[in-house]
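Student: Below is a structure I'd like to ask you about.
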Amino acid sequence: MRYITAGESHGPQLTVILEGVPAGLTLAAEHINKELLRRQKGHGRGRRMQIEMDTVEIVSGVRHGMTLGSPITLIVKNDDFKHWTKVMGAEPISEKESKEMKRTITKPRPGHADLNGAIKYGHRDIRNVLERSSARETTVRVAAGAVAKQILKELGVEIAGHVLEIGGVKAKHISNLSIEEIQIITENSPVRCLDKTVEQEMMDAIDNAKSSGDSIGGIVEVIAEGMPIGVGSYVHYDRKLDAKLAGAIMSINAFKGAEIGVGFEAARQPGSKVHDEILWDEEQGYTRKTNNAGGLEGGMTTGMPIVVRGVMKPIPTLYKPLASVDIDTKEAFQASIERSDSCAVPAAGVVAESVVAWELAHALVEQFGKDRMELIQQNITQHNKYAKEF
């Protein structure tokens, strides 16, 4: 499976085309809209989320609530486009009209794609960069992830995400929660945190950053249960599932690091405390005493829960802007301000769930049969029986 997204932040719409989704998957707009709404929530979101009420339109690949096996096209309209029709229109305009609009941006913002993108593509108006590099694009990545989650659900895999840290405020580790319990707790938390004792402290940190014109980042974790043993591969570097998951996390706007299992903590512990001892019993088959590997060894699943974390830097659009240089005059200046969040970590956790779900669904479809859901389900059932008796 693969997908491609298109659209600008203030353009008419965002589009994603999904290829390789098996036939026979139950899919309706309500499945996707539920995920889009989750992305819009979270303490610290900016005014854009009050403008947009994201809903999806399914325009191909689905008939009567069932996928056809052909490419699926999903569209999310930008309600704010009505205020940007001239600025973001596709038709040519004169230089005079361009100047009269006064929307040309020549001051790159530190931490954004602005300067590097302008140099790469030769844009003298940085708006041509920021419109596409905006995290608004993650709207349709979440839509794609919603389709992947539906695949996982029908294949017996559950997934959930939560926030571990915001602005240096850390949640306590809470274990032995089911995926359903994690989902219920986080959906009722303004910061998607499992630890209620630090919830208010996280919100205060966000509010303090906002009042001072600053922004803060954090850490999110995604957990998936029900993956069969041996999904992925050790044979080639580009087929290792952990590499794909890390790449997916790092592809999210403003994410600067990824961990699987105990992650970087493994460098501080001896091997005897890091590696997961193998157990076997008649009911479960092969299992592990611990899950420090985060459900992945040698690029393949171990049958234990998948545990992936991502680090999000503070959003670089600040209301107390940092120093920059005008690309036209070369004079020092304060970077331009676009409408932005003070903290998007809770929302980014939903995006992280989506990209992890896509990679897991892709791996299952690739390994167990690409054409139709019924065949994939049968093959996974046979594989699980084989692995248990191995």
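Any Cβ shown, glycine's included, is placed from N, Cα and C.
Pulled these from Swiss-Prot:
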- Arg39, Arg45: NADP(+) binding site (BINDING)
- Arg132, Ser133, Ser134, Asn253, Ala254, Gly298, Lys313, Pro314, Ile315, Pro316, Thr317, Arg339: FMN binding site (BINDING)
Student: Given the binding-site residues Arg39, Arg132, Lys313, which one has the fewest other C-beta atoms within 10 angstroms of its C-beta?
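Tutor: Ranked by other Cβ atoms within 10 Å, the binding-site residues Arg39, Arg132, Lys313 bottom out at Lys313.
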Student: Would you mind reading off the Cα separation of Thr317 (FMN binding site) from Arg39 (NADP(+) binding site), to the nearest angstrom?
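Tutor: Checking the Cα atoms of Thr317 (FMN binding site) and Arg39 (NADP(+) binding site) gives a distance of 19 Å.
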Student: What are the non-local neighbours of Ser134 (FMN binding site), defined as same-chain residues 6+ apart in sequence with CB under 8 A from its CB?
Tutor: Glu8, Ser9, Asn253
Student: Could you measure between Ile315 (FMN binding site) and Arg39 (NADP(+) binding site) for me? Cα positions, answer in whole angstrom.
Tutor: 16
Student: Work out how many Å separate Arg39 (NADP(+) binding site) and Ala254 (FMN binding site) at their Cα atoms, rounded off.
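Tutor: Spelling it out, the Cα of Arg39 (NADP(+) binding site) and the Cα of Ala254 (FMN binding site) are 16 Å apart.
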Student: Please list, in sequence order, the residues in the chain of Ala254 (FMN binding site) that are at least six apart in sequence and whose C-beta is under 8 Å away from its C-beta.
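Tutor: Residues satisfying the criterion: Ala135, Gly217, Met312, Lys313, Pro314, Ile315, Pro316, Ala344, Ala348.
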Student: Just counting, how many other CB atoms are there within 10 A of the CB of Ile315 (FMN binding site)?
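Tutor: Neighbour count, Cβ to Cβ under the 10 Å cut-off: 25.
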Student: Around Thr317 (FMN binding site), how many other C-beta atoms are within 10 angstroms of its C-beta?
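Tutor: Excluding its own Cβ, Thr317 (FMN binding site) sees 23 Cβ atoms within 10 Å.
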